[in-house]
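Now, the feature entries from TrEMBL:
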- 10, 11, 12, 13, 14, 15, 127, 136, 137, 200: ATP binding site (BINDING)
- 31, 36, 57, 58, 59, 85, 86, 87, 88, 92, 161, 172: AMP binding site (BINDING)
- 130, 133, 150, 153: Zn(2+) binding site (BINDING)
- 127-163: domain 'Adenylate kinase active site lid' (DOMAIN)
- 30-59: region 'NMP' (REGION)
Ligand code: AP5
Ligand code: ZN
């Protein structure tokens, strides 16, 4: 089963994607994670996108479509793929349909996670990530069980994202509503859209994702 998790910054796409990976053995393809990896390993492309990401603007369609095509060519996702943070423009959505069709595959569902702007701000400004395993935490809604130690891997070093400032977030939200929200209509027209309430406990939202995928 190939699915898209669609929603604004902080909607919980990454959090729910990681659960689906653990529970179902699906593969998570996050263009945000791929771009951050390119940035931290200092590749040419990483250097090129760093400032764009820090502002909260979109990287070019060409770059992100290339990243996804590369993963699909390497055979990602026999048990299904979760597209997280991709597609983000109509051109990316068209490209994804074509990339999957060319490989004899297709998209099965698009889960739209709805969260209001106030909740997004507090989610994003409280987020931090384990440097070792990538587990995502939150100061109040998902704190560490033991101070200073990752629950998953015992790691002791954590990072806050450069684009998780209030200013960058304002821009990311504007960009989401301008460039990405039109995909809701696009996938509604393709009959693959399932919208869920993304507010509530992580566990509760996971239950809604599960029901949406079963429907
Ligand atoms: P990307 O990395 O994709 O960021 P994003 O879409 O802004 O989404 P986030 O990762 O911020 O949020 P999320 O929905 O995954 O939330 P999370 O689960 O972490 O993109 C970053 C940048 O890369 C873009 O701005 C752009 O520059 C570039 N880029 C990436 N893809 C691109 C593309 N396709 N085209 C062009 N450019 C692209 O949760 C957030 C926090 O809330 C966490 O702390 C979590 O613990 C907490 N939380 C989660 N669920 C709940 C809950 N139910 N209740 C309470 N707290 C919760
Ligand atoms: Zn960890």
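Placement of Cβ uses the backbone N, Cα and C atoms for every residue, glycine included.
Since this is a predicted model, take the numbers as computed values, not measurements.
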Number of other Cβ atoms within 10 Å of the Cβ of residue 88 (AMP binding site) across all protein chains: 20
Helix, strand and coil totals (DSSP H, G, I; E, B; other) for the region 'NMP' (30-59): 22 helix, 1 strand, 7 coil
Same-chain residues at least 6 apart in sequence whose Cβ lies under 8 Å from residue 12 (ATP binding site): 113, 115, 123, 198, 202, 205
Three-state secondary structure, residue 133 (Zn(2+) binding site) (per DSSP): coil
Annotated binding-site residues 57, 88, 130, 137, 150, filtered by Cβ under 6 Å to ligand 2: 130, 150
For the Zn(2+) site built from 130, 133, 150, 153, further residues of that chain with CB within 8 A of the site's CB center: 131, 132, 134, 135, 151, 152, 154, 155
Chain-internal residues, separated by at least six, CB under 8 A from residue 57 (AMP binding site): 171, 175
Most distant Cα pair in Å, residues 31, 36, 57, 58, 59, 85, 86, 87, 88, 92, 161, 172 binding AMP: 24
Fewest Cβ neighbours within 10 Å, where candidates are the binding-site residues 59, 133: 133
Overall pLDDT for the domain 'Adenylate kinase active site lid' (127-163), taken as the rounded mean: 95
Around the Cβ of residue 130 (Zn(2+) binding site), the count of other Cβ atoms that are within 10 Å: 21
Candidates near ligand 1 among the binding-site residues 130, 153, 161, judged by a Cβ under 6 angstroms: none
Site of maximum Cβ density within 10 Å, from binding-site residues 127, 161: 127
